[in-house]
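Everything on this sheet refers to the single structure shown next.
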C-alpha cells in the first residue's frame, strides 16, 4: 500500500534541477577562470589555494558518490535506469565505478542521470517519479557537500584576496557573485528535494523556495565576509580559528549520533557536517531541532562578532573612517534580517503537514499528521534505500 504523494517529482522540480546544474557549471567555470587569471599573473600562491580547494572538495564529493553508488549496486534488486548508469554498471561495473570516480567524473555522471531521468518523467507522465526523486535527492546532497567544502571556503578566500590587495578584477567579482548565489541556491534546492522525497511532507511552492533562498543568502554571506575580514587582520590565525571551531562541531555531530551512512563513511559525513556548520545551520537528526538551531545561531553570532571585533580593533584610523564602520553595522544587520526572514518563512511560508490518503475513495489515512508536528528543520537528512522504479517511458 503506497501513498500517492510519495517521492513526488514535478516539472518544476525538473526545471529547478536544470537551473541547479547550470549554476553549478557556471560556478565551476568561474573558479577555473579565476585560477587561470592567477596563474597568468604569476600569483602562484593564490592559484595553488584555489586549485587546492577545488581538488580537496572534488575528492570528498567523489568519495561520497562512490560510497552511494556502491551501496546501490550491492542491493539484490538494483537495476540501472538511465543510459549513463547502464554504461557505468554494465559488465565490470565495480571497476568502471572506481575509475570514473578516480578521474573525478562520478559527480558529472549524477548530473547527467538526474537530468535524463527528470526529462523522461516530464515527457512520460508520472511513471518512475520515485526514482527521479531519488536521483535528484542524491545529487542535491552531493551539491550541498560540494558547496560548503569548496565554494564557501573559496569564496572566503576570494574576498580575502580582494580586501588584501585593495582591488578586484572583473573575474573575481563574477566568481564572488556566482559562488554566493550557487551556495544559497544549493541549500534551497536540497531542502526542496528532501521535502519531495519524504512522504509525510507537503510540497514546497516556488514562492517558498525563493524565500528560503533569500534568507539563507542573508545568513551565509555575512558569515563569509566576517571570516574573510578576520583573515586580513590575522592571516596566520585563520586556519587555527577554523580548526578550533571545527573540532567542537565535529564532537557535536558525534554526540547527535548521526546514522547517515555505514561505519566506514559515517566519520567522513560527520567531518563534512562540521564544515557545513562552520558556515551555515544544517539539521542532522530527526525530531525537534528548534533549540539546537537557537544554540547554533547564538554561537555563530558570538563567533562572527569576535571575528568582526578583532578586525575592527586592528584597523588603522584611516580605514575606520573610510568604510569599516559601515561594514561593522551592515554585516550584523544583514544577519539579523536573515534570522527575521527565516522566522517569517517558518510562520507563514513553510509547507505544513497534511493527511495523506491511500487512494481515491479510501477514507483511511496513510499517514495522519498534524500541523503542529511540522516544526522548523524537523526533516533530518537521510539516504534510504532506493525505491523500485517502473520502466522508463519511451522518449519519442
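First residue shown is number 1, and so on along the chain.
Including glycine, each Cβ sits where the backbone N, Cα and C put it.
Unlike curated records, TrEMBL annotations are generated automatically.
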Range annotated as transmembrane segment in TrEMBL, from 162-184, 185-207, 323-345 = 323-345
Key: For the transmembrane segment (323-345), distant same-chain residues with Cβ under 8 A (at least six beyond the ends)   = 208, 211-212, 214-219, 221-223, 225-226, 229, 297, 301, 304-305, 308, 311-312, 315
Key: Among the ranges 46-69, 237-255, 294-314, the one whose Cβ pairs under 8 Å to the transmembrane segment (210-231) are most numerous   = 294-314
Query = Counting only residues 6+ away from its ends, which parts of the chain sit with a Cβ under 8 Å from the transmembrane segment (294-314)?
reply = 222-223, 226-227, 229-230, 232-234, 241, 245, 277, 281, 320, 324, 327-328, 331-332, 335, 339
